[in-house]
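Taking it in order: structure first as C-alpha cells, then the write-up.
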Amino acid sequence: MAGNPTLEECVQLPIKEELLMEVTEKAKDWAIMHGAAMRSKTNFSADSLNFAPFLLTPSSFPRKEFEKAVALQTIINRLMHNVAHDEEFLTTTLAETIKVDEFTGNLFNIYKKVLASGFGQDLSLGILRSDYLAHVFAENAIKQVEINTIASSFGGISTHMLPLQSFVLSELDCAEKIKNMPDNQALAGICNGMVRAWEIYNNPKAVIMFIIEDVTYNICDQRFHEFYIREKYPHIKVVRRTLTEVHDAGKLGLEKQLVVGDLEVAVIYFRAGYEPGHYHSHKEWDARYLMESSKAIKCPSIHYHLAGTKKVQQALAQPEMLERFISDPEEIKAIGKIFTGLYSLEDNDVGNNTYEMALKEPERFVLKPQREGGGNNVYGLDIPDVLRKMSRVERSAWILMDLIKPPISKGYMIRPGGQMPPSVVDVVSELGIFGVVIGDVDNIICNYQAGHMLRTKVATANEGGVAAGLGALDSPYLVD
C-alpha cells in the first residue's frame, strides 16, 4: 500500500495520551451499552458481549463519491433484479463454475428443480449491499468490490456508529465536524423492506423467519433487525430457526404455504446458508429446497443468491453485457464506470490469457472464489502458487480482479483486548450501500437505497471482514 495518497483526517492526530485514554474508555462503554457489540469467538458465551471493533473517529471518504454510490443504488437494485430473473444468462454464465464448485452446483440444482416444478412465490425480496473502494489511480473514484445478495450484514450495528463517533467528536471538542457525517437509517430501511414483503404476503397471522447459524457471533446486528420490527410493528412476529430446525419441523401446506411447527411463514430472511459449512448434510439442502418451493417471500430467493456469485459479477463487467439488463444508455455508462477489471479463468483462450497475465504480474490482482463471508480471497504474490496447483477445469470456479488501490487515512482502531492507549494506524475504508428491491419477473413494486456502512481495516491487511475479525466498523467523514 506504500505510496498511496492520503485523505485528510477528521481530527488532528495523535490525540494527547491522557485524553485519548479517557475518551477510548468512554467509547468502549458507549458501544457495549448501545449494542454495537458481538459475541466473542475466542471466549464464547451466550450470556456476554464484547464491543465490536470500531474506529474511534470517523474515517474520511470523498464526498462526491459517497453521493454517487448512494445515487446509483436503485439502478444496481434493478440490475440485480433483472439478472436474477434471466434464466438463460444465469445458466450460461455459471455452466463451467457449477462443474467444479460443488456448493454453487448445489444451489444451481435447487434453482433448476424449482424452475421445473414452478415457483411457489413469484415475488422476491432483495436486501443487497454494494461494496466500494475509492481508487487512487482513478482520482479516488469508487470501484465496486462486490455485491452481496445474501445476509448483507451490519445494517443494525452500523446505524449506531454515527451516534458513537458523534459522541467521541463532542468529547474531543470537535462537535462542529459532525455535520460532515451523513445520516444513516440502514436499520429502518432494511427492516421496512421485510415489513413491506410481509404486508404483500397478506396473512396477519404469518411470521417473519430469520434463518440463522447454529452459533451466532454477530448476534446484536441480527437482533437489532428483529427488535426494530417487534417495536415498530408489534403485530408482526419474528422467529429464528436454523436450516436443521426447518428440515425437522417444516412442511408445505396445500397452497404451498411454508409451515414451521405450527407457524405459517410469510417472509424468510437468510442470515445463514451462504457458505458450505452451514449445510451439515442433505437435510439442510432439503430444507433450502422446501423453502424455495414454498409460497413464502424469500430474501434472497435462490436466483437472487446465484446472481450474487463472483462469476456473475465478472460476466456483468464484460463490454455490452449491461445492455442486456439496463435500457438507459446514461445508466449503463454510470454503472460501467464503477466496474474494475474482472477476468474469466475458464479453460478457453480468454481464460488462458488471464492465467498468463496473473502469473506475470500477480501484484496487480486479487483471486476470488464464489464465496461470501470473507477470508477466501488470494492476493498479489500469493496468486501464482495457488493458480499453478489448480487444474484447468478447477480454475473456472475462480475469477481474477484488478486490485483496487484505496487512499490511506489514519485512525485509532479500538478492538476488545487491544493495547491501551491505542496507537495511530494507517487504514483504508470500504463503503457498503444497502438497497431494497421487491418484485417479480415482470414488475418491481418497491426499489430504494437503504443506508450505508463503512468497514475500515489496517492498510496492510488484505481482508476487511468485521465478522471475520480483520476489520472494524466506522462511518464516513465526507471530505471534498
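Note: Cβ is positioned from N, Cα and C throughout, glycine not excepted.
Features as listed in TrEMBL:
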type    : residues                                             : note
BINDING : R129, Q222, R455                                     : substrate binding site
BINDING : E146, K310, 368-377, Y379, 401-404, E430, K457, E463 : ATP binding site
BINDING : E146, N148, E372                                     : Mg(2+) binding site
DOMAIN  : 206-307                                              : domain 'Glutathione synthase substrate-binding'
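Recorded features from TrEMBL, shown on the structure.
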| residue | record | Cβ neighbours (10 Å) |
| --- | --- | --- |
| R129 | substrate binding site | 27 |
| E146 | ATP binding site | 19 |
| N148 | Mg(2+) binding site | 20 |
| Q222 | substrate binding site | 21 |
| P369 | ATP binding site | 17 |
| Y379 | ATP binding site | 14 |
| L403 | ATP binding site | 17 |
| R455 | substrate binding site | 24 |
| K457 | ATP binding site | 23 |
Message = I need the CA-to-CA distance for N148 (Mg(2+) binding site) versus R129 (substrate binding site), whole Å please.
response = 5
Ask   = If we check Cα distances from P369 (ATP binding site), which of the binding-site residues R129, Q222, R455 wins as closest?
value = R129
Request  = Measuring Cα to Cα, tell me the gap between L403 (ATP binding site) and R455 (substrate binding site) in whole angstrom.
outcome  = 18
Task = Go ahead and report the DSSP secondary structure tallies for the domain 'Glutathione synthase substrate-binding' (206-307): helix first, then strand, then coil.
result = 42 helix, 28 strand, 32 coil
Note = Greatest Cα separation in angstrom, residues R129, Q222, R455 binding substrate per the record, works out to 17
Query = Taking just the CA atoms, what is the gap between K457 (ATP binding site) and R129 (substrate binding site) in Å?
reply = 18
Ask   = From the Cα of E146 (ATP binding site) across to the Cα of Q222 (substrate binding site), what is the distance in angstrom?
value = 22
Message = What whole-number Å value do you get for the CA-CA distance of Y379 (ATP binding site) and R129 (substrate binding site)?
response = 23
